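Annotated in TrEMBL:
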- 22-45: transmembrane segment (TRANSMEM)
- 38-287: domain 'G-protein coupled receptors family 1 profile' (DOMAIN)
- 57-75: transmembrane segment (TRANSMEM)
- 95-117: transmembrane segment (TRANSMEM)
- 138-165: transmembrane segment (TRANSMEM)
- 205-222: transmembrane segment (TRANSMEM)
- 234-256: transmembrane segment (TRANSMEM)
- 268-289: transmembrane segment (TRANSMEM)
């Protein structure tokens, strides 16, 4: 382990497709620009508009912050590797990227679960909404998401550091993720693999149980509503969140199902691109396109800048 810190890794990324390097660079640069502007813009919009000072948008501002951070941990290095021939990353840099990426992906998992609970209270117990979803409770839910993600990330990283690496290692991915690092390890990765499998399964199942339970009760409550207008309004308040959850968890579950064989590495890379680069861009678009208050605030911001 002591000597590992002197080693370097080479992120192969999409180097086996040399003709696609420039087009991919331009596509990912565009996506990253939209991600940064979209997520930071969403935070500013929520701060500016008093109508958006609600629990749902409190969670959304943190989701936007997490998406911005997550994308910033991964995308700049990806962009660099698409235009330079030297694709090396230091051992410390690789471990730090893994550590930070774990924090933000676990935080997003539970932030989406907290937002599902918020929608459940809003639809099923509207009269108690302001009491149940008080500022203190919202802050506790957000704080718990960040805290648990840091604990998980520390555990994953500590067990990853028990592995030994020999010389320059070629990582068959664009990011320092667990499976790719384990694949180039010189030592037996069984314990590290089991720890991350158990923890990741727990995080995924527990968050999905919260989400699914919330939406089952929401669906039952909405179907009992006498008016069609009431049903439509209730469904529309949940549509954006449900879309974000489906895309995020759908991609992660797909990655779980991909076998770790050489032929599947391209699929792993494409799925990894989706949830590390594309999803952080989609979330602010999903929430802003369906919300009148957000659209109005955007128009005011544009009017102020012109």
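Here the Cβ of each residue, glycine as well, is placed from N, Cα and C on the backbone.
Tertiary proximity for the transmembrane segment (138-165) is limited to same-chain residues at least six positions away from its ends with a CB under 8 Å from its CB atoms, namely 1, 4, 7, 9, 55, 58-59, 62, 91, 95, 98-100, 102-107, 110-111, 114, 117-118, 178, 181-182, 184-187, 189, 191-192, 195-196, 199, 203. Of the candidate ranges 22-45, 205-222, 234-256, 22-45 has the most C-beta pairs within less than 8 angstroms of the transmembrane segment (268-289). Remote same-chain residues near the transmembrane segment (22-45) are listed as 14, 52, 60-61, 64-65, 67-68, 71-72, 75-76, 78-79, 82-83, 277-278, 280-281, 283-285, 287-288, 294, 297-298, 301 (criterion: CB distance under 8 Å, separation of at least six residues from the stretch ends).
Counting same-chain residues at least six beyond the ends of the transmembrane segment (234-256), those with a Cβ under 8 angstroms from any Cβ of the stretch are 108-109, 112, 115-116, 119, 122-123, 204, 207-208, 211, 215, 218, 221-222, 225, 268, 271-272, 274-275, 279, 282-283, 286-287, 290-291. Only residues 6 or more beyond the boundaries of the transmembrane segment (205-222), in the same chain, are considered here, and those with a CB under 8 A from a CB of the stretch are 109-110, 112-113, 116-117, 119-120, 123-124, 231, 234-235, 238, 242, 245, 249.
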